[in-house]
Amino acid sequence: MKKLAKIYTDQDASLDPIKDKKIAVLGYGNQGRAWALNLRDSGLNVIVGLEREGNSWKQAVQDGFQPVHTEDAVKQADIIIFLIPDMVQRYVYREKVQPNMKEGADLVFAHGFNIHYKLIDPPSTSDVYMVAPKGPGATVRDFYTKGGGVPALVAVQQNPSGKAMEKALAIAKGIGATRAGVIETTFKEETETDLFGEQTTLVGGVMELMRSAFRTLVELGYQPEVAYFETINEMKMIVDIIYEKGFTGMLKAVSDTAKYGGLTVGKFVINDEVRKRMLEAAEKIRSGKFAEEWIEEYNRGSPTIKEGLEEIENSLEEQTRRRLKEIIERGKPKS
Ligand SMILES: NC(=O)c1ccc[n+]([C@@H]2O[C@H](COP(=O)([O-])OP(=O)(O)OC[C@H]3O[C@@H](n4cnc5c(N)ncnc54)[C@H](O)[C@@H]3O)[C@@H](O)[C@H]2O)c1
Ligand SMILES: CC(C)(O)[C@@H](O)C(=O)O
Ligand SMILES: [Mg+2]
Ligand SMILES: [Mg+2]
């Protein structure tokens, strides 16, 4: 069996290595907002750096920050955290960060994409490390405010100071991740597994599984509302039980009929062909082909994202959700 991963918790991490440092959070979106607020609430010295005075700027001001333009944040920073979209990071690095950063300032990432695929080539004088939350930004903030934390991965790519890991753990503590647990990884492992997860399960897999089941029922003539409750809405309840009690707990919570059908038909539908395709998806990531394709898509103005979002927004699934919204809202627990 492979060696079990080392898990770092609050006792293994101290804020000391970064408590007197100026931390520039670049971007105030999904992760940027969560990190800036959590790091500030942890008593750290945060400055928010943004490209322009748009919606993120307004939100940061509303949250009590005084954002500044990227280059001004970078000039003051000891630690520069990239929380802008992956495809944007290398341009902002080239145009705003590199020409303005203090020599030896740290470069920190929440995902390894730009370093692993060599889109950013950092100076050898900088520590380069990553704290990658294993959850969405809104959850990183929500769990933190409720006394918890979303687990994260940490990795060190460059370590001229010899203190990169301590600082990575300090940032992880500042955003609340060590309240749960943090695992050491590499930029390669984080990048490849994160892309694989979001493509095959978390984002792509789960969505297409639910949509395929929904469409199958509708094509067979069942009411869309019934199909929606069955194949999409109930997913949260089942996944919540998996989250709390694992697959064993979930199987205990469903009927024997569901257990038998699930244990047999699950494997019939998600069969070796699907596993083969998962391997293909992993290979595309590992070879760099997916990164190449995504960069090209981005350079063309992300038409596939635009078309995909439009198709989904107009889909029968989403129309049905809009019709059922009041029922769903009324049913939500009140405390
Ligand atoms: N979304 C998540 O929950 C999540 C989870 C783990 C890791 N990550 C990683 O965190 C990083 C940030 O992802 P995100 O989803 O939080 O980003 P996001 O899409 O929410 O970023 C939005 C922010 O970036 C700024 N921005 C957008 N375009 C810009 C441009 N052209 N120039 C400068 N700034 C620009 C926006 O003003 C906004 O402040 C990525 O590396 C991502 O892989 C994200
Ligand atoms: C939240 C996710 C999917 O885990 C993250 O990896 C992302 O890229 O947004
Ligand atoms: Mg990701
Ligand atoms: Mg992820």
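Heads up, the Cβ atoms here are built off N, Cα and C, so glycines get one too.
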Record-annotated NADP(+) site (TrEMBL): member among S14, S56, S124, S161 besides Y28, G29, N30, Q31, G137: S56
Take the C-alpha atoms of Y28 (NADP(+) binding site) and H111 (active site) and report the distance between them in angstrom, rounded. 16
Model confidence over the domain 'KARI N-terminal Rossmann' (5-185), averaged pLDDT: 98
Which of these recorded positions is closest to G29 (NADP(+) binding site) if you go by CA atoms: H111, D194, E234, S255? H111
Separation of alpha carbons, S56 (NADP(+) binding site) and D194 (Mg(2+) 2 binding site) (Å): 25
Is Q31 (NADP(+) binding site) helix, strand or coil when read with DSSP? helix
Among the binding-site residues N30, S56, S255, which residue has the fewest other Cβ atoms within 10 Å of its own Cβ? S255
